[in-house]
Amino acid sequence: MSAGANRIAVIDGLRGYFLVLMMSSHIKFQDGAALLRLHHGEISFVEDAQGFVFLSGLVIGLAYTRTLLKQGAKAMTGKAISRVGELYRLLLLTLFVVVGTAYLLPSGAEIWGWQLGKLAEAPLDHVATAVSLLYQPAYLDILPQYMIYLLIAPLLVRATVAGHGLAVIAGSFAVWIMTQMGLHLPMVDALARLVAAADSNGTIRSYFNPLGWQLLFVCGVVLGTAAKCGRLEVEALLHRRRADLALVAAVVVLVFAICRIVHGLGLLGGTPTGDQFYRLLRREDLSLVYVVNFAAIAYVMAWTLHNALEDNLPAPVAFVARGLHYTFRRPFFVFLGQHSLQVYAFHVLVAYAVVAIDWAGGPFNEMTKSLIIIASVASLAIPAMWHSLSQQREAARARRPISLQTR
């Protein structure tokens, strides 16, 4: 368990792992880097963002259910609103650092043109749209999405505690289906016209579609809440006797791994199979391929980690399970996961800095690029340490009046 938050260490470790992968995914060099290819996204349609969003929902479900049961609905809602305010301030700080640096540097628009888009061309003209969360630079768009999810999280938790978890998931799935059918596009178009009318030459920009990606978050919240309040028997779902279900999921993972490798080699392009397959492959909307592949690999991982310390597992399974269990409990991963949103915002700054370094001094050789990548990943400990120390100072201030009164 992680101190103070009563979280399962392996969940924090997984979130930390996904943050490290996000860092590596968002580092860009002029001619790529061999080290960046060491990523599970090379053999699956499951990437860091999917795991991060789902696990964030799971942690919210666990934490907010505890608050609801101990302090009531008002405290839980207040906690969510406070968190949204904290995230908005964090987003604004990151946004102004990135855009301000690009504005002040003579070559800023050239260095970060595609990441910043219109904010690189005329930042002062479009900053209001960015502050209103409708136009986000690359890598920042997950924070506004998460803020939306946080606002609805108390409703999801209360409904699940009341026994309506399946109905919540059904509603989420219905919204996801509507998104896959494009039924949300008239609303998006209307919003874009409003922005264009208010902001000359303005538009909306966000890579992830919140209406599609909410499926992962909502499922995470419902599972976390149901597990915390006793409506879900985790042992029954992940017991060793469920090895047959884990095997079926593993076969699905293998099929998608083959598809991903073939896709990476460019062998599907221009074929009838490829045309059919690519209709289901839209990452921005979290299309069917990403959902099924994630569900399969999530169950395999959950079953494996849950049974990692069991005796009499088949030797290959035990080796993999204990290796994963050991990896995701490493202090570095756990520490990053405990301060995930601060780390996420900081990683954006690092990613932009690496682009500038590569623009000014690149192209680099593989050794230099590897050192830059390792240093970038290691730097993620900085915001985690800063936030941890801030929490400790706040806790000390909260205790001080009590200690004075007892003297």
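Keep in mind that glycine also has a Cβ here, set from the backbone N, Cα and C atoms.
Curation plays no part in TrEMBL annotations; they are all automatic predictions.
Long-range contacts of the transmembrane segment (12-29) within the same chain: residues 2, 35-36, 38-41, 47-49, 51-52, 55-56, 59, 138-139, 327-330, 332-338, 340, 343-344, 347-348, 350-351, 354-355, 358, 362-364, 369, 372-373, 376-377, 380, each at least 6 residues beyond the stretch ends and with a Cβ under 8 Å from a Cβ of the stretch. The feature transmembrane segment is assigned by TrEMBL to 12-29 (among others).
The feature transmembrane segment is assigned by TrEMBL to 49-69 (among others). Same-chain neighbours of the transmembrane segment (49-69): 5-7, 11-12, 14-15, 17-19, 22, 75-76, 79-80, 142, 146, 149-150, 153-154, 156-158, 160-161, 208, 213, 216-229, 286, 290, 294, 298, 340, 344, counting only residues six or more beyond its ends whose CB sits under 8 Å from a CB of the stretch.
Under the heading transmembrane segment, TrEMBL lists 90-109 (among others).
Positions annotated as transmembrane segment by TrEMBL: 166-187 (among others).
The annotation transmembrane segment is assigned in TrEMBL to 207-224 (among others). If you look at the transmembrane segment (207-224), the same-chain residues 6 or more away from its ends with a CB under 8 A from one of its CBs are 49-50, 53-62, 64-65, 138, 141-142, 145, 148-149, 153, 156-157, 160, 165, 168-169, 172-173, 175-176, 178-180, 184, 232, 284-287, 291, 294.
According to TrEMBL, the transmembrane segment annotation covers 245-268 (among others). Listed as Cβ neighbours of the transmembrane segment (245-268) (distance under 8 Å, sequence separation of 6 or more from its ends, same chain) are residues 42-45, 274, 277-278, 289, 292-293, 295-297, 299-300, 303-304.
According to TrEMBL, the feature transmembrane segment maps to 288-305 (among others).
Taken from TrEMBL, the feature transmembrane segment covers 332-355 (among others).
Per TrEMBL, transmembrane segment is recorded for 367-389 (among others).
Looking at which of 166-187, 288-305, 332-355 has the most CB pairs under 8 Å to the transmembrane segment (90-109), the answer is the stretch 332-355.
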